[in-house]
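Listed in Swiss-Prot for this protein:
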{"type": "ACT_SITE", "residues": "Asp310", "note": "active site, proton acceptor"}
{"type": "BINDING", "residues": "Leu191, Gly192, Tyr193, Gly194, Asp195, Ile196, Gly197, Ser198, Val199, Lys214", "note": "ATP binding site"}
{"type": "COMPBIAS", "residues": "1-12", "note": "compositional bias 'Polar residues'"}
{"type": "COMPBIAS", "residues": "44-55", "note": "compositional bias 'Basic and acidic residues'"}
{"type": "COMPBIAS", "residues": "69-87", "note": "compositional bias 'Polar residues'"}
{"type": "COMPBIAS", "residues": "110-120", "note": "compositional bias 'Polar residues'"}
{"type": "DOMAIN", "residues": "185-509", "note": "domain 'Protein kinase'"}
{"type": "DOMAIN", "residues": "510-577", "note": "domain 'AGC-kinase C-terminal'"}
{"type": "REGION", "residues": "1-151", "note": "region 'Disordered'"}
Amino acid sequence: MDLASKKNTANVGSKEIDPIKPKSPRSSLSPFSLKLGDNVPRNPHFDPKKMDPLVKHQPPKSLEPPPSTRGTNSEGDLKHNTYSSDGDSLAMRKNAPKNLHYDPKKIVPLTTSETYSPSARNHHHHRTKSPDKKRAPRHNGDYAYGDNLVGPSAQPFKPHTGGDVRWDAINSIASKGPQIGLDNFRLLKRLGYGDIGSVYLADLRGTNAVFAMKVMDKASLASRNKLLRAQTEREILSLLDHPFLPTLYSYFETDKFYCLVMEFCSGGNLHSLRQKQPSRRFTEEAARFYASEVLLALEYLHMLGVVYRDLKPENILVRDEGHIMLSDFDLSLRCTFNPTLVKSSSVCSGGGAILNEEFAVNGCMHPSAFLPRLLPSKKTRKAKSDSGLGGLSMPELMAEPTDVRSMSFVGTHEYLAPEIIRGEGHGSAVDWWTFGIFLYELLHGTTPFKGQGNRATLHNVVGQPLKFPDTPHVSSAARDLIRGLLVKDPHRRIAYTRGATEIKQHPFFEGVNWALVRSAAPPHIPDPVDLGPYAAARGKTKSHGGGDHCNSMKPEPLVACAAGPTDDTAYIDFEYF
């Protein structure tokens with residue numbers, strides 16, 4: 001594929017995606033997937049396993065599409081396309097930017113419920129060579145097209161969860177029936193609740209696996225005009241494959257509810273954990289650990305064109321092993337975005353030169369499920385000897401969707417960025433403002449602009465300068481980073497242009513091995529949670545003829561199907577919101 005043909009896509013601006021404005025159906029443009037053995041255009045850096053999930057690949061005209069396994073409903077196929085704010089499907093535009101690294105497996109299928117276990121991924125290659133052996137399906141349930149909730153019925157491969165026993169449990173049940181649904185789970189206890197749903201501790205019948213199931217009431221969402229928020233969260237979760245972000249194991253719906261099945265984090269959230277610390281604050285070493293993992297998660301989200309917009313300790317969950325996981329994506333903003341690779345020396349000098357393809361692919365570390373589009377200019381192609389191949393400068397991944405704009409007033413008052421309060425429109429820089437508030441709270445035990453009420457808090461955010469108390473004492477590096485993040489003008493805020501790359505290089509994170517953060521020892525390991533009493537009480541309730549009342553929940557407020565005490569104070573110290 002000639003990269004020169006894509007030079008005009010380098011300056012494509014970020015646009016907020018509106019997934020509910022499809023045009024009239026065009027049955028002739030139904031999407032289909034390429035098989036790895038088909039005549040895929042040859043390219044020395046073409047990797048069908050690492051491509052952009054937002055743009056559909058268009059095969060050569062001579063290539064006949066394989067028989068579709070998704071049915072022939074062209075309207076359903078059209079709903080699978082990604083739509084821009086002007087209503088056009090990005091997949092159907094004739095001038096849509098082509099992507100060298102498109103992966104058909106990252107486009108999640110619409111109506112099929114057949115997929116495969118990540119733990120069996122290594123065996124999948126051998127099975128495909130033998131036509132006599134059938135693949136073991138993994139069923140995640142079908143999606144309905146009503147109420148604007150459309151999308152995938154099964155998850156793509158998640159490389160970092162390849163050995164996850166929860167996938168094995170899901171697959172063992174999926175192989176026995178047509179699809180996974182609410183009847184396959186027992187809801188043991190309500191763990192938390194939020195604006196669009198409640199989260200329950202659930203075990204998968206016939207296995208020893210437990211999950212966190214987010215249940216959203218359809219009628220409540222429709223009456224409060226929040227269907228789009230539920231759809232956004234589900235779509236974003238289906239894209240994620242990162243150790244500090246949640247894995248969507250299954251999605252299904254009933255007549256009354258939408259259900260998302262995710263990982264159960266027994267360690268609670270960082271807000272609760274901070275309350276248990278001496279003086280209700282973390283040490284600088286512990287704060288650096290949690291901030292580094294959150295920073296990597298935000299960087300990955302920005303690579304995908306996702307602005308998180310709801311960072312706060314309550315949304316940072318602690319896994320069993322002590323590492324963190326971001327949660328609650330219903331306020332997030334999706335946009336089209338093309339990350340690029342640049343030389344660090346050029347960025348620092350303001351040159352912003354883009355690397356040529358060969359050096360960028362071979363010399364840059366990138367997430368296992370994402371390979372950014374390479375956008376070389378004429379200058380970098382002609383002056384190949386000047387691209388820094390023989391120098392000591394290392395490449396940087398520029399993954400900051402600075403052009404995206406939203407006018408929504410969303411977030412928690414103490415964490416709202418000034419540009420949101422002023423109604424000026426906001427972009428990815430709001431995540432770096434909230435990251436500064438987050439770091440301040442970890443170190444000081446409170447937020448910097450908190451007032452007597454919400455109105456006073458908003459006034460302080462916009463009009464009051466940042467101040468540090470005399471105690472507790474924090475390092476000058478920590479204060480300097482927080483000052484850079486809490487600049488009220490988003491254009492002057494640290495990381496506005498270079499994103500997480502600039503923050504990683506700050507002295508506060510000196511000594512952090514970013515490639516091995518996942519292997520670092522956490523400052524706190526949660527105590528094991530004994531789930532036996534909940535399961536035993538649940539079985540006792542059923543044996544007394546109570547029936548499976550947890551699977552017959554009423555609309556909002558949802559019934560707390562807890563096996564045991566029903567008061568909220570008795571719940572496990574865990575919130576998903």
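Placement of Cβ uses the backbone N, Cα and C atoms for every residue, glycine included.
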Can you tell me how many other Cβ atoms are located within 10 Å of the Cβ belonging to Asp310 (active site, proton acceptor)?
22
Just how many other Cβ atoms lie inside 10 Å of the Cβ on Tyr193 (ATP binding site)?
20
Mind looking up the mean pLDDT for the domain 'AGC-kinase C-terminal' (510-577) in the predicted model?
59
Where the record says Leu191, Gly192, Tyr193, Gly194, Asp195, Ile196, Gly197, Ser198, Val199, Lys214 bind ATP, what is the longest distance in Å from one Cα to another among those residues?
14
What does the structure give for the C-alpha distance between Val199 (ATP binding site) and Asp310 (active site, proton acceptor)? Integer Å is fine.
18
Between the residue listed as 'active site, proton acceptor' and Asp195 (ATP binding site): CA-CA distance (Å):
13
About how far apart, in whole Å, are the alpha carbons (Cα) of the residue listed as 'active site, proton acceptor' and Tyr193 (ATP binding site)?
16
By the DSSP assignment reduced to helix, strand and coil, which category contains Gly197 (ATP binding site)?
coil
